[in-house]
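Below is one structure, written out as structure tokens; the observations come after it.
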């Protein structure tokens, strides 16, 4: 009997018949891992990693830190901290995800006692994802507002109050009365009685820039404090919805679709930065701005200050996005023998060079703004929201063709934010996929869109009139020392408990054996230098902790308490999961703890052909529950 031929709309694999519209549409025919899928191309992965690491902080935080910490001299501690803290952690997480082909929670089969660390990473990523897309919504609003013949914040308009001015405002002065007396009056009395100040008697205060009032009164409709929630700002809510629709559309096929989108979103910001730099360099005062940033104003005596080194370490740590779970999630889709070492070097160097490059584009424009306003660069430079939505828009409003440059700038912020957002959502969906693989295969699209919908609804509080206070609160608590705790436990668990030498052997199974001299640096960092640096930064952060405020408006007690509750909710899973694992284990309390400090019996390379002699007795990694906790007799003991 002749073999049956498959119709054209079927794909045949032995006796199996799989439709072209297979449930597993996020897995390609040529993927090494047919359960989880792999990146279609190496470039998809690299661009996704670059997009994840290079974010808004590279544009709105690093240039300010460089200026504030000695100019070009700051690059010395920055480079040192990259080598000692950033790169070792980055390489560790990339290797970890790639070796096991698992996300940030399931990968802790390597050390079941610490599974709560993975949960903490994912929860913090969820909180940050909520407010990060709000920042993308701000960028969308400003980009749409720029499609006018004149930027709406170029002049003080109907939304402005009496304090709106680019020049200092008279607050008090002396006037002469009809009786010949000289009295001192305030500004409101002066305008009411239509009097003129006596020359030389004026007292001034700085006016508020049109861009500052536009940000507060129009874009945010900012209330007086967190206590005054106000209404949902409808146009920000629509921009937030659009931002989530873009994210959902880019991720509906997982890495297969997002891996294509990043070819634009990861590369376009570099094009814009180059255009802005070229334009900025042609403006008067640009050289003064660049001088303040990195040139003649370099102050090497700043290197004696501990604050400078702390800023360098903190910036590297957060800029590379380590300990958020995203690096593990993205790397888990690599093929087993991918050279994750060279990838880590390329991405880390690209990230740091981008920060330096962005500083030139930012400060050349700010130098021009200082020049035309007759101020020093130090008087116009800002950081964070104030740079992105006040100082830089103000500078762009002074340029010929301001709307064009504004559209470019905010579109660049949009793409910078989207890349990081893609990876954050992929972290969440990868965690779901590892825990519920069968469900995810059948319902990837509705689950992905459902995540986006839930996060959109949770983010609505951030687009109320008190929304900016919520954004700052989540950033202040969740994106701070909670991540440091996760990073410290991650490196201690993998290097000190699982075993650094054993982890190096795992890496060599992927990238090939290396000479001992190659690993000397990594051993020094992983075992001693990096954890000590992270502990020092954590202690410094706790000692320097201060109550949050925004625009000098303090947060209410209930707001601060809520912030503490959010971060406690994230990190409390570390002890909870440790207790759960110990209870589930067998033997005496000591035997149970020892058992939980060994790799689970389903820990190792995902595919059988990669396991070799070291993992020949490994249990199928798809079996999550039956063999999750190793017994005391497990032969694969920690070092």
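Even glycines carry a Cβ here, placed using N, Cα and C.
The feature Na(+) binding site is assigned by TrEMBL to 51, 53, 54, 58, 319, 351, 416, 419, 420. Here the Cβ of residue 54 (Na(+) binding site) has 27 other Cβ atoms within 10 Å, regardless of which shown protein chain they belong to.
The disulfide bond annotation in TrEMBL covers 156-164. For residue 156 (disulfide bond), applying a Cβ distance below 8 Å and a minimum sequence separation of six or more within one chain yields 164, 165, 210, 213.
Annotated region 'Disordered' per TrEMBL: 620-639, in sequence order.
Taken from TrEMBL, the feature transmembrane segment applies to 45-62 (among others).
Packing against the transmembrane segment (74-92) from elsewhere in the chain are residues 65-66, 294, 302-303, 308-309, 311-313, 315-317, 319-320, 322-323, 327, 340-341, 344-345, 347-348, 352, 356, 487, 490-491, 494-495, 503, 522, 525-526, 529-530, 533-534: each is 6 or more residues past its ends and has a CB under 8 Å from a CB in it. What TrEMBL records for 74-92 (among others) is transmembrane segment.
Sequence-distant contacts of the transmembrane segment (113-144) (same chain, six or more residues past either end, CB-CB distance under 8 Å): 56, 103-107, 219, 235-236, 239-240, 242-244, 247, 323-326, 388-389, 393, 406-407, 410-411, 413-414, 417-418, 420-421, 424-425, 427-428, 431, 455-456, 458-459, 462-463, 467, 470-471, 474-475, 478-479, 482-483, 485-486, 489-490, 493, 497, 566, 569-571, 573-578, 581-582, 593, 596-597. Here TrEMBL flags 113-144 (among others) as transmembrane segment.
Sequence annotations record features per position, and here TrEMBL assigns transmembrane segment to 232-252 (among others). Remote same-chain residues near the transmembrane segment (232-252) are listed as 133-134, 136-138, 140-141, 144, 219-221, 258, 261, 418, 421-422, 425-426, 429, 444-445, 448-449, 452-453, 455-456, 459-460, 462-465, 467 (criterion: CB distance under 8 Å, separation of at least six residues from the stretch ends).
TrEMBL lists 261-281 (among others) with the feature transmembrane segment.
Nonlocal intrachain contacts for the transmembrane segment (316-333), taken as residues 6+ away from its ends with a CB within less than 8 angstroms of a stretch CB, comprise 33, 36-39, 45, 48-49, 52-53, 55, 57-58, 62, 78, 81-82, 85-86, 89-90, 93-98, 100-104, 107, 118, 121-122, 124-125, 128, 255, 340, 348, 351-352, 355, 420, 423-424, 426-427, 430-431, 479, 483-484, 486-487, 490, 534, 537. According to TrEMBL, the feature transmembrane segment maps to 316-333 (among others).
Here TrEMBL flags 345-366 (among others) as transmembrane segment.
The transmembrane segment annotation in TrEMBL covers 404-425 (among others). Sequence-distant neighbours of the transmembrane segment (404-425) (same chain, 6+ residues past either end, Cβ-Cβ under 8 Å): 48, 50-52, 54-56, 58-59, 125, 128-129, 132-133, 135-136, 139-140, 142-143, 146-147, 151, 243, 246-247, 250-251, 258, 261-262, 264-266, 268-269, 272-273, 275-276, 279, 321, 324, 326, 329-330, 388, 392-393, 396-397, 448, 451-452.
With a threshold of 8 Å between CB atoms, the same-chain residues lying at least 6 positions outside the transmembrane segment (446-473) that come near it are 126, 129-131, 133-135, 137, 220-223, 225-233, 236-237, 240-241, 244-245, 247-248, 251-252, 254, 385, 425, 428-429, 432, 439-440, 548, 550, 553, 555, 559, 562-563. If you look up TrEMBL, you'll see 446-473 (among others) marked as transmembrane segment.
The feature transmembrane segment is assigned by TrEMBL to 479-499 (among others).
Sequence annotations record features per position, and here TrEMBL assigns transmembrane segment to 520-541 (among others).
What TrEMBL records for 561-583 (among others) is transmembrane segment. Within the chain carrying the transmembrane segment (561-583), a Cβ under 8 angstroms from the stretch's Cβ atoms is held by residues 112-117, 119-120, 123-124, 127, 473-474, 476-478, 480-482, 485-486, 489, 548, 555, 589, 592-593, 596, 629, all 6 or more beyond its ends.
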Other parts of the chain folded back onto the transmembrane segment (345-366), taken as Cβ under 8 Å at six or more residues beyond its ends
46, 49-50, 53-54, 58-59, 62-63, 66-67, 75, 78-79, 82, 86-87, 90, 270, 273-274, 276-277, 279-281, 283, 286, 289-290, 292-294, 315-316, 319-320, 377, 380-381, 387, 391-392, 395-396, 399
For the transmembrane segment (479-499), distant same-chain residues with Cβ under 8 A (at least six beyond the ends)
89, 92-93, 96, 110-111, 113-114, 117, 120-121, 124, 127-128, 317-318, 322-324, 526-527, 530-531, 534-535, 537-538, 541-542, 567, 570-571, 574, 597, 599, 638-639
Na(+) site shell beyond 51, 53, 54, 58, 319, 351, 416, 419, 420, criterion: Cβ within 8 Å of Cβ centroid
50, 52, 55, 57, 321, 354
Here are some recorded positions: 164, 416. Which one has the most Cβ atoms within 10 Å of its Cβ?
416
For residue 319 (Na(+) binding site), the nonlocal same-chain Cβ neighbours (under 8 Å, six or more residues apart) come out as 53, 55, 57, 58, 62, 86, 351, 352, 355
